[in-house]
Amino acid sequence: MSIAESTVLGEEPEWFRTAVFYEVLVRSFRDPNAGGTGDFRGLAEKLDYLQWLGVDCLWVPPFFSSPLRDGGYDVADYTGILPEIGTVEDFHAFLDGAHERGIRVIIDFVMNHTSDAHPWFQASRSDPDGPYGDFYVWSDTDELYQDARVIFVDTEPSNWTWDQTRGQYYWHRFFHHQPDLNFDNPKVQDAMLEAMAFWLDMGLDGFRLDAVPYLYERPGTNGENLPETHEMLKRVRRFVDDNYPDRVLLYEANQWPTDVVEYFGPEEREDGTVVGPESHMAFHFPVMPRIFMAVRRESRFPISEIMEQTPAIPEGCQWGIFLRNHDELTLEMVTDEDRDYMWGEYAKDPRMKANIGIRRRLAPLLDNDTNQIELFTALLLSLPGSPVLYYGDEIGMGDNIWLGDRDGVRTPMQRTPDRNVGFSAATPGKLHLPTIQDPVYGYQSVNVEAQLENPSSLLHWTRRMIHIRRQRDAFGLGTFEDLGGSNPAVLSYVRELPGDGGDDVILCVNNLSRFPQPVELDLRKYEGRVPVELIGGVPFPAVGELPYLLTLSGHGFYWFRLTDPDTTGRPVL
């Protein structure tokens, strides 16, 4: 199959603003050839399942050639694929299969650093005067850039590591085996764009750009969010927009919202509108830990406060929000006091901690409480931004805290109650990671096959909620208004989208307490409208002048559409 033959979806420039994303680890999703490692052929086999679930876009973490000392984020070749997970032709077939089902695909692209096994680094360390001599950041001293924090405090004592071959120190913001690229070198910039073009030419729908705040280093700064970094990222955006329209750039910048907004590159036009020439999307990291804090404290204020602190983003841009992913539940963007609280509540065993976070999946974090899992998912699907689900969370998969680093949340997808969870026909010892054997979360009780047969399962509930969300553009495009309310244990907000056929108004009411709670809401601006519950289509009493009273079960929630009654007094659905 040639690149020109690759299937590309139709033009829809802002598709990502209403999309539901799904992160899938290729090596853990499906092994079709009994090799013990999932591959692109296996992932292609399961595209019908992902289409059925309602996924709009797959996010695929790194699958490039790599020593795999950091789950593939240690890249050894930006245009090569790990042999055990397939070939370029296999990737083509997977990409076309996804597009044929209306599913887009973005992949991780690690700009900041490479593996120390990358040929660029090997050439740089062995030939300082050669063409790759200044592809990385080298120094005769380890005293430079002392204001830059060490990110992996558990394992790295410094951001500098001595290289015996070159006789100099090299700079790394992450693990010592991941040397940072030198973006002051124009050849490095060009090499990054060439590697991106390699994948975009195949019809890829975009990239999640990993660790973007750290591209440049400057004395007297913390080496994060520097002007030079923003200029480089704007160059990337221009390159993509000019050559590959309708593709998306999703930035990973684990920063405060006021800093992250700058990664959209907000610029004001003459007509007063604000556009973003840098990223299309950026993750809103601080929301995620505050959802966990709010529910455990039974108080809306952690969520309300961070939403109030979130600036408006440029037109045509979008947040990405998530509950869990392939990394630890990061606690960088909380206070020391809140971090200790989160560790005390959600990581009672020291093995559950990793760096500045918690390495657990969603279901174990919530003690496998179905009501809590559903509430968290409802918040994910209704708060501002495009939601990103993590593979296996739709069935309540567990984790394995006995595995090293973040591998405990990257175990094989549990499809059947058979040996190896329907992931592989290999002997168990050949699997790249062991399956979950836990009596609560083990594959005998938690698997896709069993939940498909049960209409009341978490899987069917998650699918139903995804499809409801996809029917209402207000969830992705609408404004957000926190309604407050009489009860601090209840978080209520309105998502509103103006339209030619009338405004689409969605009212979301969430009980963060484990006990039933009443709440009175000021809905006078919607007087006369009839709340229609979106899951069952049940109309509630019309909104009047008085505070609107609702009672919610423990960890319960409502999604309403506030409809205009027709001439018969019935709600307009």
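Any Cβ shown, glycine's included, is placed from N, Cα and C.
Pulled from Swiss-Prot:
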- D70, H113, Q178, R208, H326, D327: substrate binding site (BINDING)
- N112, D180, Y214, L215, E217: Ca(2+) binding site (BINDING)
- D210: active site, nucleophile (ACT_SITE)
- E252: active site, proton donor (ACT_SITE)
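What Swiss-Prot annotates, mapped onto the structure for a quick look.
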residue	record	DSSP (3 states)
D70	substrate binding site	coil
N112	Ca(2+) binding site	coil
Q178	substrate binding site	coil
R208	substrate binding site	strand
L215	Ca(2+) binding site	coil
H326	substrate binding site	coil
Those recorded positions listed as L215, E252, H326, D327, and which of them has the most Cβ atoms within 10 Å of its own Cβ: L215
Nearest of the recorded positions (N112, Y214, E252) to Q178 (substrate binding site), judged by Cα-Cα distance: N112
Nearest of the binding-site residues (D180, L215, E217) to H113 (substrate binding site), judged by Cα-Cα distance: D180
Chain-mates of N112, D180, Y214, L215, E217 with C-beta within 8 Å of site centroid, Ca(2+): H113, V137, W171, R173, L181, F183, A211, Y216, G223, T229
Cα-nearest neighbour of R208 (substrate binding site) within the listed binding-site residues, N112, D180, Y214, L215, E217: N112
Residues that sit under 8 angstroms from E217 (Ca(2+) binding site) by C-beta distance, when 6+ apart in the chain: V137, L144, Y145, A148, W171, D180, G223
Among D70, D180, D210, the most crowded of the recorded positions [Cβ within 10 Å]: D180
Per-residue Cβ crowding (10 Å cut-off), top of binding-site residues H113, R208: H113
Length of the line joining the Cα atoms of H326 (substrate binding site) and N112 (Ca(2+) binding site), in Å: 19
Pairwise Cα distance for Y214 (Ca(2+) binding site)/E252 (active site, proton donor) [Å, integer]: 11
